[in-house]
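Chemist: Here's a structure for you.
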Amino acid sequence: MTESKLSTFDRQDGRLVIAHILFAFGALLIGGIAGMLQGMVKGGTITLPANIGYYELLTAHGVLMALIFTTYFIVGFLYSGVSQTLGGKLLPLARKLGWIGYILMSIGTVIGVIVILLGKASVLYTFYAPMKASPYFYIALALVVIGSWLSGFGIFYQYRHWRKNNSGKLSPLFAYMSVITMLLWQIATIGVALEVVVQLIPWSFGWVDTINVVLSRTLFWFFGHPLVYFWLLPAYICWYVIIPKIIGGKIFSDSLARMSFILFLLFSIPVGFHHQLMEPGISHFWKYLQVVLTFMVVIPSLMTAFSLFATFELYGRSKGTKGLFGWVKVLPWKDVRFFAPFMGMLIFIPAGAGGLINASNQMNAVVHNTLWVTGHFHLTVATSVALTFFGIVYWLIPVVTGRTLTPKMNRLGIIQTLIWCVGMFLMSGSMHTVGLLGSPRRTAYNTYDDHPDAIMWIPYHVAMAIGGIILFIGVILIIYNIISLMRAPKGETQYPIGEVSDASEPTPKFLENWKLWITIAVILIVIAYTIPFIDLIGNTTPGSPGYVTW
Ligand code: HAS
Ligand code: HEM
Ligand code: CU
């Protein structure tokens, strides 16, 4: 394949990618409206009309942001890189699976949002039993998951085909990372699929009267924690593979990058108990073991931080900079394709530190179910990941639609990034602080009969509301930027795939030995979960009937 052919993105593949990206940002817009309103309700600045419940909004926000915006963006982004790096074009079957996946996910999303807005499913994005939603809400979620599976199969199919035709060759880094991201997703979703199909759907239809609550929560978090790495890994793909190219540098080490992804595959699933540390029904030993494994899954993030610093420093030295932070001066600060993901990285330092606090058993007792946790994930997923995704669209949309990024849009992109950072500093900063003062998450405005603690929380809640309004301006601006990108001048934009530094050692073959890695992942899951599941299933405590609490 010639160079000029490579730089033109396949038009049919482009349509599949853009369909996913636009759907994702549609979800961000609606989710953003709900987010802003929630912030304003909590700040005591507005009251909702009687027919809209706070939990209805919060469910719409959590589902549209955390499940829909992310999944659509990720599938679109991964398909784009897989098409680009594995042959320059999707195989017909891979593309077909991508489209069928898209249609199933979209039917699921539309049904889900309608059921939520009808007030029949205010069970939040974690849909904990014994709160009971309409069965159609769970069916809608199942459609989204099945759709995403098909998209994953499309990626596996393209990868297998490439390897058959390129035996002995190392697969492209982007494709390798996409396969791990989707493998992680396939294994993780088994937990939530079991919960929805075996427990929630029969119970919400009334075919069975009661539900085993701890078991359902445990199945949820078997999925819920790796879910957060399903969001993170595509951002890491951008940091490892795309950013070096955008700054004009090199990938520090191909093997280190692959190893860190393997560690995510191994350690991100057997750790769900760190969300259940304060729950009865699970013995201390298993919580302890999963906390140890949680600290293991921090290692690949530390490796990533190390590798990014190395990429930046190598680039700086190649430009003649000296000293520990000399490289900071030569980075392309005025290029939004770099600036937005970089702010994501920078914010990931305090965001990750907050995660370590959450995972520490004693400190979890202080922060669990407070707004601190909400602050934690608005830094991780809603800033580090979201800003990276925003940064990607400034080159991805031009690449797949055959257009170019103009200086004006670049400038608007920088402004959008700054607005997001300021809004999030205010919102997440006050969530963290007021969380430490005890203010609970998942609550509407309440002064608890003018209790002094609740009165003390109010100024922070007001700051949160102001941050939320600024963030919503950021949502409007990113939507405006996307519309402008769709109408940008025609031209050719190169897909930015980084090259590995010459100084790096060749990548060992065992990193692509899937049988080995999947086996180890399964063994770790079996060790961490088998006995707890046997205990939970054999538990003789009576199950719970369903409650509609809203
Ligand atoms: Fe978390 C709760 C622990 C990471 C998301 N987390 C949540 C929830 C969400 C979430 C959504 O143990 C709430 C769920 C709910 O609704 O109840 N989290 C962790 C730990 C990590 C972590 C140990 N979380 C994430 C990521 C998320 C995410 C990533 C989304 C994308 N989290 C918890 C725990 C809870 C929790 C408990 C339950 C709390 C409770 O009680 O309910 C770790 O993976 C973090 C590791 C990260 C680092 C940072 C590495 C830094 C890097 C940047 C380098 C920067 C550069 C630039 C190079 C150690 C890679 C530098 C430039 C310069 C100029 C300096
Ligand atoms: C929860 C505001 C963007 C994911 C919340 C809450 C507020 C809020 C105030 C807390 C409600 C409570 O605990 O009572 C906003 C605003 C945003 C924004 C103003 C920007 C306009 C995002 C993004 C994501 C996200 C981009 C993810 C990609 C979540 C999740 C929850 C949440 C998962 C938890 C829902 C729950 O507890 O069930 N948001 N948010 N948010 N937000 Fe956001
Ligand atoms: Cu977790």
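Using N, Cα and C of the backbone, Cβ positions are placed for all residues, glycine too.
OK, TrEMBL features for this one:
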DOMAIN    15-487  domain 'Cytochrome oxidase subunit I profile'
TRANSMEM  16-37  transmembrane segment
TRANSMEM  57-79  transmembrane segment
TRANSMEM  99-124  transmembrane segment
TRANSMEM  136-157  transmembrane segment
TRANSMEM  218-243  transmembrane segment
TRANSMEM  255-273  transmembrane segment
TRANSMEM  293-315  transmembrane segment
TRANSMEM  336-357  transmembrane segment
TRANSMEM  377-397  transmembrane segment
TRANSMEM  418-438  transmembrane segment
TRANSMEM  458-480  transmembrane segment
TRANSMEM  516-534  transmembrane segment
Chemist: Looking at the transmembrane segment (218-243) and the transmembrane segment (377-397), are there 3+ C-beta pairs under 8 A, with each pair at least 6 apart in sequence?
Modeler: yes
Chemist: Any contact between the transmembrane segment (16-37) and the transmembrane segment (255-273), i.e. 3 or more CB pairs below 8 Å with pairs at least 6 residues apart?
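Modeler: By the criterion, they do not touch.
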Chemist: Sequence-remote contacts (6 or more beyond its ends) of the transmembrane segment (57-79), Cβ cut-off under 8 Å?
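Modeler: Same-chain residues near the transmembrane segment (57-79) but 6 or more away: 13, 16-21, 23-25, 27-28, 30-31, 34-35, 37-38, 41, 48, 90, 98, 101-102, 105, 109, 112-113, 116-117, 121-126, 141, 144, 148, 151, 154-155, 178, 181-182, 227, 230-231, 234, 237, 381-382, 385-386, 389, 392, 396, 442.
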Chemist: With a Cβ cut-off under 8 Å, give me the same-chain residues at least six positions beyond the ends of the transmembrane segment (336-357) that come close to it.
Modeler: 235, 238-239, 242-243, 246-247, 295, 298, 301, 305, 308, 363, 367, 372, 375-376, 379-380, 383-388, 390-392, 394-395, 405, 410, 413-414, 416-417, 420-421, 424, 432, 496
Chemist: Using a Cβ cut-off of under 8 Å, list the residues of the same chain at least 6 residues beyond the transmembrane segment (136-157) that approach it.
Modeler: 67-68, 71, 75, 78-79, 82, 90-91, 93-98, 100-109, 111-112, 115-116, 120-121, 123, 127, 178-179, 182-183, 185-186, 189, 192-193, 196-197, 200-201, 204
